[in-house]
C-alpha cells in the first residue's frame with residue numbers, strides 16, 4: 001500500500017541556529033499513520049524536485065526503546081528498501097531551518113500493517129477516539145495536543161484510556177505557555193524578531209526503556225526511561241518530572257560553566273508551582289519547601305555563616321536562591337530580561353562570550369540584588385566583552401545608582417526577630433520565607449523606626465562637617481540632613497531596610513568610603529558602595545574615610561577567561577601605588593568540570609628576601625570561594641604568570657600566549673619583560689579616563705550625584721594633564737562648580753506671575769523647562785503671541801518649542817533634555833524688560849537687552865547672548881512681529897562669583 005507524507009519546515013527565529021535543541025526546535029515530525037509489525041518490508045523515497053531544502057530528509061522508526069529504533073537518512077530521490085526487526089511507528093522529521101519549502105516522502109509497504117489511531121485535539125469527540133483506540137489491535141496511538149505531541153506506547157494504553165485528555169492538554173500547554181512567557185517569547189508566524197517564538201512548535205513525548213536516568217530531555221523528544229509513559233500521563237502540580245524535563249528546553253546558555261545545570265530549568269519549575277499553589281500548598285507541596293521550610297532555611301543560614309562556597313552548596317540549596325530572587329514584584333522580569341539579552345547576543349554575534357551569569361542577572365534586574373548575591377557567596381564580575389570583542393567595565397554599582405534601583409535583602413537580616421509564623425508584624429504582602437527579599441518601602445507598614453548614628457572616621461573632619469548627606473530607597477529620598485559638628489551623621493526616624501547613602505566625599509581632598517557596623521556589633525554587609533543596612537533592633541554604623549590620592553584608572557589589570565567559551569573568570573589588579581596585587585575571582589570553573597589540571601598560576605617573588613606567594617586556578621576549583629584575594633607586593637617584585645591555554649589572559653591590550661610571562665612591579669607601573677618605565681602608563685590612563693567619561697555621558701544622572709567615579713576621573717585627569725579642561729564636567733562638585741554657569745531665563749506675565757523657567761547648564765549639556773499653571777493665559781489683554789521659547793540643534797532642527805497667546809491657557813509641564821555646543825536659543829517676549837529676566841548662577845543679570853527678541857548660542861561652558869541673530873547657523877527669526885531692533889553688541893555673559901545651584 002502507498003502512503004505520501006508532506007513534511008513542512010520548521011522556521012527558526014534569528015536567535016536560534018540549526019542544530020540547537022532549545023524550545024523543542026527539532027521535536028516536530030509527521031506520522032505516516034501506520035504501525036509496522038516486526039520484520040515488515042517497505043520502500044521509501046523523498047521527492048527532491050521541490051527546490052529549497054538542502055539537508056537530508058530523516059525517517060524515524062520509533063517505538064518505546066531507543067535500542068530497537070532506527071533512523072533513515074534520505075539523501076536523494078532514489079527508492080530505499082527497508083526491513084526492520086522490531087515493531088515500530090514511522091515518522092518523518094520536519095525540515096529544521098528551511099524556509100518556504102516542504103518535502104514529500106513516499107512509502108510503499110509490502111507486508112501487513114496496522115492503522116495508527118490518531119487524535120488531533122478538539123477536532124472530534126474524545127470518546128470517539130478512545131473507542132477507536134480501545135478496539136484497535138494497535139498498542140500505539142498518537143496525540144496532537146497543540147504544544148505537545150505524544151506517542152503512546154502499548155504499556156500505557158490503559159492509562160491513556162483512563163486519562164482526561166482535555167486536562168492533559170491543559171496541563172502541558174499551560175506549562176509550555178508559561179515557560180515561554182517567563183522567557184519573554186512572543187508568538188510570531190514570521191519568526192523574524194529577536195523575541196520571536198518558534199512557530200508551530202510542539203514538544204514530542206514518547207517512552208524510552210533504554211534512556212538515561214529516570215527521564216530526559218533530548219534533541220528529538222523528551223521521555224521517561226521506561227517502556228511506559230508513567231508520570232508523563234500524571235496531571236498534578238507536584239509532577240516534578242514533567243515540569244523539570246520540559247524546563248530543560250529553556251536552559252539555553254545559562255547552564256554552561258555556571259554550576260547551574262539542573263538549577264536553571266528547575267527555577268522555572270518552581271515558578272509554575274508558585275503559580276499553581278495557594279499559600280498552604282506552597283509550604284507543604286512545593287519542591288523547594290516540602291513542608292520543611294524552617295529546616296531548609298536553617299541549612300541556608302549555616303552555609304552563609306560558614307562562608308561555604310556557593311558552588312559547593314547542595315542542589316536544592318542553590319535552587320532556593322532563585323526562588324527568593326524571583327519572588328518579589330518584578331522579580332520575574334529579571335528572568336525575562338536576561339533571556340531577551342541572550343537572544344540579542346545570539347542574534348548579533350554568537351562568538352562573543354556571554355557575561356558572567358551573576359553580572360548578567362544583576363544587569364537584567366529592576367532592583368539591586370548585588371548585596372544578596374554577596375551574602376550567599378557569589379560575586380558578579382564588573383567586566384564583560386561587548387559586541388566589538390572589547391572588554392568593558394560594567395560599573396555595576398554606579399549603574400544601579402543611576403537607575404535608582406532599590407536594594408533587596410532578606411527580611412530576616414533586616415528585622416532580626418521576624419518570623420513568618422510567630423512574629424510576622426502583620427505585613428500585608430505575601431511572603432513565603434524568612435529569606436524573602438524586601439525593600440524599605442515594603443516595610444513602612446511595620447511602623448518600625450530607628451534613630452541611627454553613622455560615625456565618620458576621617459583625618460580632616462572639616463572636609464565633611466556641615467556638608468549635606470541623604471538616604472535613598474531607590475529614587476526616593478527618605479532622609480536628608482548635614483554632617484554634625486562632631487563629624488557624625490544622625491539619621492532620625494528611618495525605617496528598616498537597605499538604603500543607599502549619599503555621603504559627602506570631601507572638599508579639596510578626595511576619599512574612598514567604607515561602610516560597616518560599629519565594632520563588636522552584628523555583622524553588617526560591609527561595602528564600599530554605600531549600601532546602608534538599617535536593622536531592627538538597630539545598630540550604629542561606621543563610615544571610614546581613607547585618603548584617595550592615586551586614581552584607580554592608573555591601575556593596570558588583567559582579565560582571565562575560561563578555556564572553552566571564554567566565560568569571565570577573574571580580574572587581576574596590579575596596583576603599584578598601594579603595592580598590592582588583587583584577584584577578583586568571579587567563576588571557580590575555568591575549564592572542564594571535575595578536572596584538576598592547572599589552568600592559571602601567579603607566583604609573586606620578593607627580590608629582597610626570596611619569599612614568594614602563589615595563587616592557583618585549576619580547570620575546576622571546588623574548594624575556592626568567589627571573591628577577593630589580595631597580596632602585598634614590594635617594588636621590583638617579579639610576578640610570574642603561567643597560562644595553560646593561549647588567548648585566555650588579556651593584560652592591558654595584549655593577549656598572552658600559553659606558557660609563562662614575567663612582569664615586574666615598578667614604582668608607578670607594571671611592565672612586561674625587557675620593557676622599562678615610560679610615558680605609556682599615562683596614555684593607558686587617558687584611554688580609561690575617556691571610557692569612564694563616556695560611561696557618565698550614558699548615565700548622565702550620575703553627573704548630579706557625588707560618587708567615586710567622579711573622584712576617580714578628577715584624580716586621573718590631574719595625573720594625565722592638570723592643565724586640561726577636557727574632563728571638567730565630570731569633576732566632583734567642589735572642583736567643577738567654579739567652571740559651571742547656570743543660566744535661568746524667567747518669563748513673567750500679568751501680575752508678575754512666573755510663566756516659564758528655562759534653565760541651561762552648558763557644561764552639563766542640560767536644559768530644563770518648567771511651565772506654570774495659568775488658566776487665564778499669560779496676559780489676558782493680548783490675543784496675539786505673548787511669548788515663545790525655541791531651541792534648535794546645529795542643523796536647525798527644533799529641539800524644543802513652546803509659545804502662548806496672551807489669553808491662551810497654560811497647563812503645568814516639566815521637560816528635561818540635552819543641549820550641546822552650537823545649539824541656539826530664540827526667545828520672544830511681547831513686553832520685554834522686567835517680564836523677561838536672566839539669572840546667572842543665582843545672580844540677576846541686569847544687562848540683558850530690553851528687546852522683544854533675544855538670541856543665544858550655547859558653547860561648551862557658556863551662553864553667547866544678544867538681541868540680534870548670531871552667525872554660524874543661528875536661525876535669524878522667530879517669524880513674529882518683534883518690533884524695533886537696536887543692533888546691540890553680542891557679549892559673553894560672565895559671573896564674578898560662583899553660587900552653587
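Yeah, the Cβs are placed from backbone N, Cα and C, and that goes for glycine too.
When the residues 306, 683 are compared with Swiss-Prot, the one annotated as N-linked glycosylation site is 683. Looking at residue 594 (N-linked glycosylation site) and residue 265 (N-linked glycosylation site), their Cα atoms lie 22 Å from each other.
Sequence-distant neighbours of residue 642 (N-linked glycosylation site) (same chain, six or more apart, CB under 8 Å from its CB) are 598, 600, 601, 602, 603, 659, 660, listed in sequence order.
Residues near residue 65 (N-linked glycosylation site) in space but far in sequence (CB under 8 A, at least 6 apart, same chain), listed by position: 207, 208, 209, 210, 227.
Ranking the glycosylation sites 540, 594 by the number of CB atoms within 10 A of their own CB puts 540 at the top.
Least crowded of the glycosylation sites (265, 339, 683), judged by neighbouring Cβ atoms within 10 Å of its own Cβ: 683. Ranking the glycosylation sites 265, 540, 595 by the distance of their Cα atoms from the Cα of residue 349 (N-linked glycosylation site) places 265 first.
Of all the Cβ atoms in the protein chains shown, 13 others lie within 10 Å of the Cβ of residue 595 (N-linked glycosylation site). Cα-Cα distance from residue 698 (N-linked glycosylation site) to residue 683 (N-linked glycosylation site): 23 Å (rounded to the nearest whole number). Here residue 540 (N-linked glycosylation site) is positioned 41 angstrom away from residue 339 (N-linked glycosylation site), judged by their C-alpha atoms.
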